[in-house]
Amino acid sequence: MARDYYGILGVDRNATESEIKKAYRKLARKYHPDVNPGEEAAEKFREASVAHEVLTDPDKRRIVDMGGDPMEQGGGAGAGGFGGGFGGSGGLGDIFDAFFGGGAGGSRGPRSRVQPGSDTLWRTSITLEEAYKGAKKDLTLDTAVLCTKCHGSGSASDKKPVTCGTCNGAGEIQEVQRSFLGNVMTSRPCHTCDGTGEIIPDPCTECAGDGRVRARRDIVANIPAGIQSGMRIRMAGQGEVGAGGGPAGDLYIEVMVRPHAIFTRDGDDLHASIKVPMFDAALGTELDVESLTGEEVKITIPAGTQPNDVITLDGEGMPKLRAEGHGNLMAHVDLFVPTDLDDRTRELLEEIRNHRSDNASVHREGGEESGFFDKLRNKFRK
C-alpha cells in the first residue's frame, strides 16, 4: 500500500512546494535526533525527510498523485529512507547489481562542509601618469567575509555538527531508476545537508550556518610602475571567504590604462607628435618639449629634418615593469608652416625660392627636363 506522504507532513494534496518545505522544517526541528532523542522520534524524522524528498520532486509527486509510491522496491530509495536495494527484475538489471553492489555503487561520499573561497576579479582604470609612477588605489569590494558572530563555525553555540539523518552521513541520496538496460542507480547531493553529510543543530542567526556573510570591504591595491593595460595584479587571500569559514580565494585586479591626450604607448616606448617650424627643420635647432612627468626635455632637430621624421630620445619612455631602465620617447615631426607672413619674411622666402628655382622642383610640366632624376630616367629610355 502506498504511503500517505501528504499526511506524514500534515499538508493537503494541493499544497505548494513552499508549504511542503515549511511543514518539513517544522517536523525536522521537532524530531531531530539532537533535539528529541529516541527511536520513535528518529523514525518520524526519517519519514518526514523521505516525504519531503518525494513531494518536492515533480516526477515522484506525480506518481504519488496517481496512487503509486516512488520509493517502493524498484522505484527508488533514499539512504536512510523506507526503500532499499535494487529488487529482483532479472536480466540486465542483475548485471548492474553485480557492478554496483546492489546499493552504494558509484558513491562519492560527503563533501567537506568547509570549502575554499572563490577568486574575485576586479577591474579598475588608471591614468598614463599613474602607470608611469605607480599608484595606490582605494577599492571597495562587495564580497563574502568571515562571519564575526560565529567566526566561521556556522554554529550559534559550542555544539558540534551532527550526522545528517536523511542520508546517514553519506552526503548523497541514492535512487534506483528503471531504464531499457534495467535498474540503474543514480545519486544526487542530499537536500538536507547540502551534500556534507552533517548538519548544524544550532545554526548561527547571522550567517544561517554558512560561516560567512556578504559585506563591503575596503582594500588598498598597489599598482606597480610600468604596468600595461590588461595586466592583472594578484592579491593572495583577498578574495571571497569560503563556506564554513574556509580559506579565502585570491583577488585579481585587472588594470586598464586610459588614453592620453598627447602620448601614445607602445610597450615601454612612448610616441608623441611635435610641431617644428619649417625654418628650424631646414636649419636645425634644439627644442624643449614637455615629458610625461612634466619635466622639460631637450630634443635636437637635425638640419634638413623632413615631415614625419622620427627622432628617438633614449630612456625617456615608460619604466620597465619590475626591471631596470626605461623605454624610449619617439618624437614624430609635424612640420609647421606659417600662414601669416610679414612683408620682410615673405621677401626673404621669395628670395630663397628664386635662388633655388633650378633644383627645387621634382617635376615640371612641359617637355623640359625638370632635374637630375628626370635626366637619368630619360638616359635609360634611349
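Indices start at 1 and increase along the chain as displayed.
Every residue, even glycine, has its Cβ placed from backbone N, Cα and C.
Record features (Swiss-Prot):
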type: BINDING; residues: C147, C150, C204, C207; note: Zn(2+) 1 binding site
type: BINDING; residues: C164, C167, C190, C193; note: Zn(2+) 2 binding site
type: DOMAIN; residues: 4-68; note: domain 'J'
type: REPEAT; residues: 147-154; note: repeat 'CXXCXGXG motif'
type: REPEAT; residues: 164-171; note: repeat 'CXXCXGXG motif'
type: REPEAT; residues: 190-197; note: repeat 'CXXCXGXG motif'
type: REPEAT; residues: 204-211; note: repeat 'CXXCXGXG motif'
type: ZN_FING; residues: 134-216; note: zinc finger
Find the member of 147-154, 164-171, 204-211 that has more C-beta pairs under 8 Å to the repeat 'CXXCXGXG motif' (190-197) than any other listed stretch.
164-171
Hey, which bits of the same chain come close to the repeat 'CXXCXGXG motif' (204-211), Cβ under 8 Å, at least six residues off its ends?
114, 146-150, 152-156, 241, 243-246
Neighbours of the Zn(2+) 1 site C147, C150, C204, C207: Cβ within 8 Å of the Cβ centroid, same chain, sequence order.
T148, K149, H151, G152, S153, G154, S155, A156, P203, T205, E206, A208, G209, D210, G211, R212, V213
Using all protein chains in view, find how many other C-beta atoms are within 10 Å of the C-beta of C207 (Zn(2+) 1 binding site).
26
For the Zn(2+) 2 site built from C164, C167, C190, C193, further residues of that chain with CB within 8 A of the site's CB center:
P110, G165, T166, N168, G169, A170, G171, E172, I173, H191, T192, D194, G195, T196, G197, E198, I199
Whole-number answer please: how many Å between the C-alpha atoms of C204 (Zn(2+) 1 binding site) and C164 (Zn(2+) 2 binding site)?
18
I need to check the long-range neighbours of the repeat 'CXXCXGXG motif' (147-154): which residues 6 or more away from its ends have a CB within less than 8 Å of a CB in the stretch?
113, 200, 203-207, 209-213, 241, 244-246
What three-state secondary structure does DSSP assign to C150 (Zn(2+) 1 binding site)?
coil
What is the separation, in Å, between the Cα atoms of C164 (Zn(2+) 2 binding site) and C207 (Zn(2+) 1 binding site)?
20
Give me the count of other Cβ atoms within 10 A of the Cβ belonging to C147 (Zn(2+) 1 binding site).
22
Reported as an integer number of Å, what is the Cα distance between C190 (Zn(2+) 2 binding site) and C207 (Zn(2+) 1 binding site)?
21
Alpha-carbon spacing, C193 (Zn(2+) 2 binding site) to C147 (Zn(2+) 1 binding site), which is rounded to whole Å:
20
